[in-house]
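Asks: Please find one structure pasted underneath; my questions will follow.
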Amino acid sequence: MADETFKYVILGGGVAAGYAAREFVKQGLNPGELAIISKEAVAPYERPALSKAYLFPESPARLPGFHVCVGSGGERLLPDWYKEKGIELILSTEIVEADLPAKRLRSAHGKIYNYQTLIIATGSTVIKLSDFGVQGADAKNIFYLREIDDADQLVEAIKAKENGKVVVVGGGYIGLELGAALRINNFDVSMVYPEPWCMPRLFTPEIAAFYEGYYAQKGITIIKGTVAVGFTVDTNGEVKEVKLKDGRVLEADIVVVGVGARPLTSLFKGQIVEEKGGIKTDEFFKTSVPDVYAVGDVATFPLKLYNELRRVEHVDHSRKSAEQAVKAIKASEEGKAIEEYDYLPYFYSRSFDLSWQFYGDNVGDAVLFGDNSPDSATHKFGSYWIKDGKVVGAFLESGSPEENKAIAKVARIQPSVESSDLLLKEGISFASKV
């Protein structure tokens, strides 16, 4: 089995890989210089679709419809595009060893890939209940969602268990989005999470109260303050019941788990400097190892706006960090300088007919504005966060494109504000005037 050698290798085939490939082409790439090595069987695609439109009962999203870079309004990069540009897509290939000093990767089949420059874009893997030793956690019809294969298995179960009972374990992004998707598919949905309210890392209790109330109106049962501690299975090995720590037992035809993710960095342990659970980089996504860059979920990078190191798990950062790394690689080859990465944290979600966006930092005092009652006709409300007399973060539900741009601008500029009363009174119009 002959070695293969490339000038550039992107390890990982997710969102970041696709956006990096596009940036390489934009910057100037010769055929045969770049390879993308991915354990998935398909070309890079927009992962957020899996928890949303992929699960719709009518007109669901399917590949090739959501290959990168459609998620940011760009061109859709089909497998033929990579071929035309002379980019090697090495799919269904798992790398089991990375020798960074030797600039060499080895696949599970023993094949060696050599590189001059490596971009680590390995992303994250889901945290499983079996990681905590939960009894029965390997039963059939317990699902996690990370890759398209996971989504396909869930789609099959949705068809097989039509109108059945679903228990969603977890109250974060995945839990809320999948809870909504399964309710739209006419399942009886219960959500279980240990925290006192949903999305606790971002939402205030007041923001969460709206979504919990709205979900309840849609017929979703929300059970807070407890966790799944075991599962009952039938003779086919399929899950039948979820046992909760508080003693309750829930019937379940399907269980969907969204309890977090961890960055895939184990290949590089002991070879590279790590921090905050990720691979430490500079503002150009260079790591401590020459000619090795890390982007997306795995990178712990300097967040210039707040003068601190952070690791961000979000598609927006995956796209932008990938582009920044490629620009930096090309600039260093040409002896040029580029601007430092200056990222504004951004999160969003869509479920049912709701859609929210958040920009900035959710630290300091939160000021809720608008009507956050689940019964309101408009569902229009938001929140600002004030720290040291400045607005540092902004959240908006059901905003227009102009209003969403306005809250992003506020979070970037961080205007001074004398009192929270002004924000309370003006609401979204405060952001629109900045």
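Yeah, the Cβs are placed from backbone N, Cα and C, and that goes for glycine too.
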Asks: According to Swiss-Prot, Tyr173, Ile174, Gly175, Leu176, Glu177, Arg201, Gly260, Glu313, His314 bind NADP(+); identify which of Tyr293, Tyr306, Tyr341, Tyr348 is listed for that same site.
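Replies: Same NADP(+) site in Swiss-Prot: Tyr348.
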Asks: Provide, as an integer number of angstrom, the distance between the C-alpha atoms of Gly260 (NADP(+) binding site) and Glu177 (NAD(+) binding site).
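Replies: Pair distance, Cα basis, whole Å: 14 Å.
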Asks: Does DSSP give Gly13 (FAD binding site) helix, strand or coil?
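Replies: Going by the DSSP assignment, Gly13 (FAD binding site) belongs to neither helix nor strand, so it counts as coil.
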Asks: Using all protein chains in view, find how many other C-beta atoms are within 10 Å of the C-beta of Glu177 (NAD(+) binding site).
Replies: 21
Asks: According to DSSP, collapsed to three classes, what secondary structure does Gly175 (NAD(+) binding site) have?
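Replies: Its secondary structure by DSSP: helix.
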Asks: For Asp297 (FAD binding site), what is the secondary structure by DSSP, using just helix, strand and coil?
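Replies: Asp297 (FAD binding site) sits in a helix per DSSP.
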Asks: Anything within 10 Å of Tyr173 (NAD(+) binding site)? Look among the binding-site residues Lys52, Arg146, Tyr348, comparing CA atoms, and list what you find.
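Replies: The binding-site residues close to Tyr173 (NAD(+) binding site) (Cα within 10 Å), listed in sequence order, are Tyr348.
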